[in-house]
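A.B. asks: Got a structure here, written out as structure tokens. Questions coming.
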Amino acid sequence: MRKAEKLDEKAGMKTMGLIACSLRGVPVYSYGLFVAVALLLGLLVAWLCVKAQKVSFAPVLDMALWGIPLALLGGRAGFVFHHFDRYSSHLPDIFAVWQGGFSLYGMIAGVLAAVIGTCRVQGRDTWIWLDRLIPSGVIFLAVLEMGVFILQLNPGLPFPDDIPNDHALAEYIEYNYRPIGFGDTLYFQPIALYQAGLQLLIFFLLLVLTLLRAKRHWLRTPGSLFLLGTAGVAWIRLGCGFFYLATGADDGAAMPLGRILSGGIGLFAIFLLMMRRRSDVWEKGMGGKEHVGNVCWKETEGLAETGASAPHAGAHPSAGIQSQAADGYDGRRQ
């Protein structure tokens, strides 16, 4: 692997412009390669999830066609906004996306905009589709974080040169890629590797919950899986953030912006989950039968999947529940 860009001396941060190979003279950058692998793996997981729930994969393709450009645009805009001092005197560098520099939160915002927009245009329930796609999003983040570790893009706190335990997991950083002020430091904590491992645990947990929802009807409130997965990933990022080496705009900050966003998103996701579960009012009817008091998804959600007709006004409540069940949900207790 040859190095196209070694160190951004002005910013004190290395770029992601590592060339893995070239195809007919066109360079293939390592960071872009990890993004492509993460995207393909995410689409594969999404296909498996919708196949397990017996729904069409076509909406996922529509979301991806809008989500990829919106994620790139949002991620780049967020990074440039947060590190504008790096680009204020070199504005053309804003468009050098092959060198890396994307805000995770901006990318997520772009993907969410694509999912919400597609669902609204096609008349689908957004929460249901967010539940189906959250495992894909988590595996995407885990692969990206593994790429950050392999490419030595974001080191953790430094280790002493004489590590007391020879079996300690440490990351050796090449001299040209060490942060400014740490030229003599050999080893750093491999926090990106830890974060990728924890995200994989969240991914497998979401897969198990998805299967339990399909087979045993657990966590039936639409949005439960998405909000749980979001909270888990956010808090992992918050916890690992305390062990990353602060650079750039975060250097010297009492609480870097990334940690504030992670903690806030995690708390908001749990709060929203609690509110959504409380909004699902379940009451006991005559004869011990249960019925839905306040459904939080549209009765017509199943129409796009099955071609069924919507229940007419005044129809029995079970007609609405049947259309919900066609999209993977029914009237069982949460």
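Backbone N, Cα and C atoms are what each Cβ position is placed from, and that goes for glycine too.
Since the structure is predicted, the reported quantities are computational estimates derived from the model, not experimental observations.
From TrEMBL, here are the annotated features:
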COMPBIAS  307-320  compositional bias 'Low complexity'
REGION    307-334  region 'Disordered'
TRANSMEM  28-48  transmembrane segment
TRANSMEM  60-82  transmembrane segment
TRANSMEM  102-121  transmembrane segment
TRANSMEM  133-153  transmembrane segment
TRANSMEM  191-212  transmembrane segment
TRANSMEM  224-245  transmembrane segment
TRANSMEM  257-275  transmembrane segment
A.B. asks: Of the listed stretches 102-121, 133-153, 191-212, 224-245, 257-275, which one has the most C-beta pairs under 8 A with the transmembrane segment (60-82)?
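C.D. replies: Answer is 102-121, with the largest number of Cβ pairs below 8 Å.
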A.B. asks: Which stretch from 133-153, 191-212, 224-245 shares the most C-beta pairs under 8 Å with the transmembrane segment (102-121)?
C.D. replies: 133-153
A.B. asks: Please report, as numbers and ranges, the same-chain residues at least 6 past the borders of the transmembrane segment (133-153) whose CB is under 8 Å from any CB of it.
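C.D. replies: Long-range Cβ neighbours of the transmembrane segment (133-153): 14, 16, 18, 30-31, 34-35, 37-39, 41-43, 45-46, 49, 60, 63, 100, 104, 108, 111, 115, 171, 173-174, 177, 190, 192-193, 195-196, 199-200, 202-203, 206-207, 210, 225-226, 229-230, 233.
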A.B. asks: Do any residues of this chain, six or more beyond the ends of the transmembrane segment (257-275), have a C-beta under 8 angstroms from a C-beta of it, and if so which?
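C.D. replies: Result: 82, 105, 221, 223-224, 227-228, 230-231, 234-235, 237-238, 241-242, 249-250.
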